[in-house]
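Read the structure below first, then the notes.
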Amino acid sequence: MAGPVKDREAFQRLNFLYQAAHCVLAQDPENQALARFYCHTERTIAKRLVLRRDPSVKRTLCRGCSSLLVPGLTCTQRQRRCRGQRWTVQTCLTCQRSQRFLNDPGHLLWGDRPEAQLGNQADSKPLQPLPNTAHSISDHLPEEKMQIQGSSDQ
């Protein structure tokens with residue numbers, strides 16, 4: 001069970017702005033400027049408060065003009081092959097900026113991997129404490145005294 005979320009109100013505001021942009025485009029596809037304003041506001045709030053957004057949300061926003069990327073309406077999607085790998089290329093129709101995403105069914109995003117989950121980190125073996133390399137001066141003094149006394153006897 002998840003604990004309390006830090007900046008819960010900010011995440012709710014981001015969610016509202018993202019949904020509002022979707023609703024505006026769904027009702028009137030010509031009203032892209034208002035949807036872009038909502039997305040730009042959402043992006044600036046997330047940057048100002050240093051909040052990490054989900055990759056699926058970031059992939060639906062243009063990094064150049066903050067437009068909401070809806071295939072066939074505000075962007076084009078093409079499947080390309082490059083060096084044996086399949087890529088999905090999204091091109092924004094407003095600013096012509098393109099983004100490439102790996103189209104591999106076996107690929108997992110970092111957040112979806114088991115080692116990225118906080119619950120699994122607690123299950124792994126605990127970190128071993130580092131050995132104390134700082135020795136006190138008194139640990140070395142008796143050896144030095146013995147060496148000095150032994151050398152003066154000779």
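Glycine is treated like the rest: Cβ placed from N, Cα and C.
Going by Swiss-Prot, these are the annotated features:
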- Cys62, Cys65, Cys92, Cys95: Zn(2+) binding site (BINDING)
- 137-146: compositional bias 'Basic and acidic residues' (COMPBIAS)
- Ala2: N-acetylalanine (MOD_RES)
- 112-154: region 'Disordered' (REGION)
Task: binding-site residues (Cys92, Cys95), the one with most neighbouring Cβ atoms at 10 Å - done: Cys92
TODO: Can you see whether DSSP assigns Cys92 (Zn(2+) binding site) to helix, strand or coil?
DONE: strand
Open item on the list: List the residues in the vicinity of the Zn(2+) site, defined as same-chain residues other than Cys62, Cys65, Cys92, Cys95 with C-beta within 8 angstroms of the site's C-beta centre.
Closed with: Arg63, Gly64, Ser66, Ser67, Leu93, Thr94, Gln96, Arg97
